Amino acid sequence: MADLEAVLADVSYLMAMEKSKATPAARASKKILLPEPSIRSVMQKYLEDRGEVTFEKIFSQKLGYLLFRDFCLNHLEEAKPLVEFYEEIKKYEKLETEEERVVRSREIFDSYIMKELLACSHPFSKNATEHVQGHLVKKQVPPDLFQPYIEEICQNLRGDVFQKFIESDKFTRFCQWKNVELNIHLTMNDFSVHRIIGRGGFGEVYGCRKADTGKMYAMKCLDKKRIKMKQGETLALNERIMLSLVSTGDCPFIVCMSYAFHTPDKLSFILDLMNGGDLHYHLSQHGVFSEADMRFYAAEIILGLEHMHNRFVVYRDLKPANILLDEHGHVRISDLGLACDFSKKRPHASVGTHGYMAPEVLQKGVAYDSSADWFSLGCMLFKLLRGHSPFRQHKTKDKHEIDRMTLTMAVELPDSFSPELRSLLEGLLQRDVNRRLGCLGRGAQEVKESPFFRSLDWQMVFLQKYPPPLIPPRGEVNAADAFDIGSFDEEDTKGIKLLDSDQELYRNFPLTISERWQQEVAETVFDTINAETDRLEARKKAKNKQLGHEEDYALGKDCIVHGYMSKMGNPFLTQWQRRYFYLFPNRLEWRGEGEAPQSLLTMEEIQSVEETQIKERKCLLLKIRGGKQFVLQCDSDPELVQWKKELRDAYREAQQLVQRVPKMKNKPRSPVVELSKVPLIQRGSANGL
């Protein structure tokens, strides 16, 4: 029966993988729902307050770029040639060979530069033209040939074009997507969890599928009780910090994190899924690798280390077991549990795996940085070639002996090694950090310039264009059976109790890596959801034309911010009522859909604006004169934050104005402000229209 269950688990997992690759959106069992377009009013202010509504910020985001591109290509004729030119340059930069670049560079020059020059309508500088012409005359076609044009295209787009985008419906759609992104609260219900694929000291790793996009990931679940039992809280939190540091920017050579979340019992990391097994496994199955095969793995690992070191992260656990293969045979560095940030303080702890640890790591009290990883790389490459670490002779398992040899032994390299390989390994395995390759001031560049890698084009390595020496078999789960992986003995943690203080440690654990979420959405459901939302909004717009649209009421007025909230203000009502709210400098108005805005609170009536919690949900509490209370609930975290800020600012400014105005004697004050009255104070409009 156990065998049958294992087979069924494998089949289910493999089917999910295949369907995810073909049509991930079709595998989505949940649907992302975009908020109403009126969310723009609140979200624009929220993003502006954080410096996010700039050309650079929006253009550099995947979804921001796609919406800006759509606007320019389909709604702004003057910007269309600029964006088309930009896209052609980006395609050129990804070409694999010089021959392809020679042909394409000439086509781009003729279509987008010479044609415009002849028509006297070339909107770019003479320097940019001369830069490209000079290279083409010499038949030099580097990937960054058109970089001066990229800079000038962006300069031309960031002015009036960007301002028109901000005023368009495409920016409204950007606000809708950003609201979804900034309100992500993941739970186990957001994933379909498949078979176990690995186990570590604190928990297990599973294959899983994200419900709203259909994308496959690895879910690393750490048991909070086991963490507490082993006093591993610092290690668990450190791994989340290290993953967050290395998971931004384009690096296909590290197992990166897209999300982190926790439940009452578990910490969960959502990571890149690697289906091809690890190098330790393949070394045992395949036998030692040739120099050429090892060069392939070394090159990709070097780029992974370079990415980490550029972010001041030292990995500290480089070994074949931590190098995972994807289904095509390319590799990524995994498991950042021992990684460390050395940007502010260099570490001096002796951590890692014996036989791969650098001498400075083994020496007590000696501080080190990325130097440790280059020594470990030398040890690992030696193992790929010879089947054992250079300091683990005769398969000794004595850790003290291995450490002693690491600190004292001069490594003898076999005569069969090529001179270039000997030079590389001798440089990496230098005990003296000041003489070690990679530690002489230029980091990874020194290693990449080794004669051993002379035949490589590093751009081709980065683009993963070299054929892997080993391709994992398709249609197989390259992991041990669930039975062989085993499970934890729950008796171990039976007496461990998780206290409130334990849970407090993980209060800031949840995280979404913005660029990875946006990439996931763009690859899967972005177009589908945009099309569906467009249809829904068109129908609603037609209906609202008859009723009077909520946003129309704010037009031409001094409305600070407006949008939907739910209120609970009547002592006889226990249910939330969804209403559309308008904040003015001297009052807060609201109405139901299609109703006239008759209800309002003046700033004079409000005594304070506070945050409260009702059934574990954050709400806004407005304390009203006469001991009354008015509770507001927002649909998302950004809305709550922004409404609280705007209400407090309006209340404070109204109070200050009242204090500046001499009190009127013998004249009663009305608590209700007529809608026709002149506003108390003018603040910037954010009608979002």
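In case you wondered, yes, glycine gets a Cβ from its N, Cα and C as well.
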Looking at Swiss-Prot, which one out of Lys178, Lys220 binds ATP in the same site as Ile197, Gly198, Arg199, Gly200, Gly201, Phe202, Gly203, Glu204, Val205?
Lys220
Candidates are Ser450, Ser670; I want to know which one Swiss-Prot annotates as phosphoserine.
Ser670
Which same-chain residues, if any, lie at least 6 apart from Val205 (ATP binding site) yet have Cβ under 8 Å of it:
Ile196, Ile197, Gly198, Arg199, Ala218, Met219, Lys220, Cys221
Using DSSP, how many residues in the domain 'PH' (558-652) fall into helix, strand and coil?
16 helix, 48 strand, 31 coil
10 Å Cβ neighbour count around Asp317 (active site, proton acceptor)?
22
Which of these binding-site residues has the least crowded Cβ, counting other Cβ atoms within 10 Å: Gly201, Gly203?
Gly201
Tell me the coarse DSSP state (helix, strand, coil) of Gly203 (ATP binding site).
strand
Please work out the helix, strand and coil residue numbers for the domain 'RGS' (54-175) from the DSSP assignment.
94 helix, 0 strand, 28 coil
Asp317 (active site, proton acceptor) versus Gly203 (ATP binding site) - Cα distance in angstrom:
19
Between 0 and 100, where does the mean pLDDT of the domain 'Protein kinase' (191-453) sit?
95
Write down the Cα-Cα distance for Gly201 (ATP binding site) and Asp317 (active site, proton acceptor), rounded and given in Å.
15
